[in-house]
Amino acid sequence: GFFQSYAVEVDIKDASNATCLYADWMMKFLITYESNNGDYKNTTLNLSSNVTHNGSICGNDTQAALVAVQFGEGHSWSINITKNNETYQGDFITLTYNTNDTAVFPDAKRRGPVTVLVKDPLPPVQLNTVFVCHNSYLVEAENTTQIFWNVTVQAFVQNGTVSKKESRCPADTPTSAPTVPPTTANVTTASTTTLSPAPTSAPKPVENPDTGNYSLKSGNKTCFLATVGLQLNVSQDKPLLININPKTTVADGACGNTTATLKLNDGNSTLIGF
């Protein structure tokens, strides 16, 4: 596998011993922390083999459902899920990591639990539908990057049976290339049939993106180097072509012992993670 971590499976039962909330997923955390000598270091927090889910609850029309897991040396993670009319949606994700865990934070300046609260970015899901996301996606906040993959979740399960109807995440949705070459404009149109006469001038050729040099440091040492030109071709209602401009793009991220994450933000709400 691309990531090394343990899977978590939570099957919450109601008073009649019927499944009311089901979740099966994998996750890991990249964390930047301050060491005793004042340097900032990057570490990777993985799930342990012993995971509990104390405090998880079914939820109802007036109370949010809660998936809560505890693992390792005092670490925990939870998400509360609310129901609204015909949909359910994650509300807030809470990660608490314990820097007293010297195996993960061997020389942390701050000792004890640290809690990070972040809004769940995923869209609502129809009731009686299971949310599935095989590809990885990131949630970032306060020097942490939470990575999730192989996710299967259904809250407010009806009749104790997990639905066979799926709602897939955007990362799992295949995209198709436009049927005409994209131009340098932000938006191009693609059509398979037309009765209009051919344009009098040919479209401009596709411009190659400028090459950028991006790097990350861990302390005083460079831990990640990338020299790359990036062009995004997003197929939605209309194809959208985006060249990433290295002059206005900021590199951020974290390097761990076995995993490194490079985040590029072009300042125009485009965030790319490697």
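Yeah, the Cβs are placed from backbone N, Cα and C, and that goes for glycine too.
According to TrEMBL, the disulfide bond annotation covers CYS133-CYS169. Annotated region 'Disordered' per TrEMBL: 163-213, in sequence order. Taken from TrEMBL, the feature compositional bias 'Low complexity' applies to 170-203. Here TrEMBL flags 209-271 as domain 'Lysosome-associated membrane glycoprotein 2-like luminal'.
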Residues satisfying Cβ distance under 8 Å from CYS169 (disulfide bond), sequence separation of at least 6: LEU122, PHE131, VAL132, CYS133, ASN135, TYR137, VAL151
DSSP-derived helix, strand and coil totals, residue by residue, for the domain 'Lysosome-associated membrane glycoprotein 2-like luminal' (209-271): 0 helix, 40 strand, 23 coil
CB contacts for CYS133 (disulfide bond) [other CB atoms within 10 A, all chains]: 21
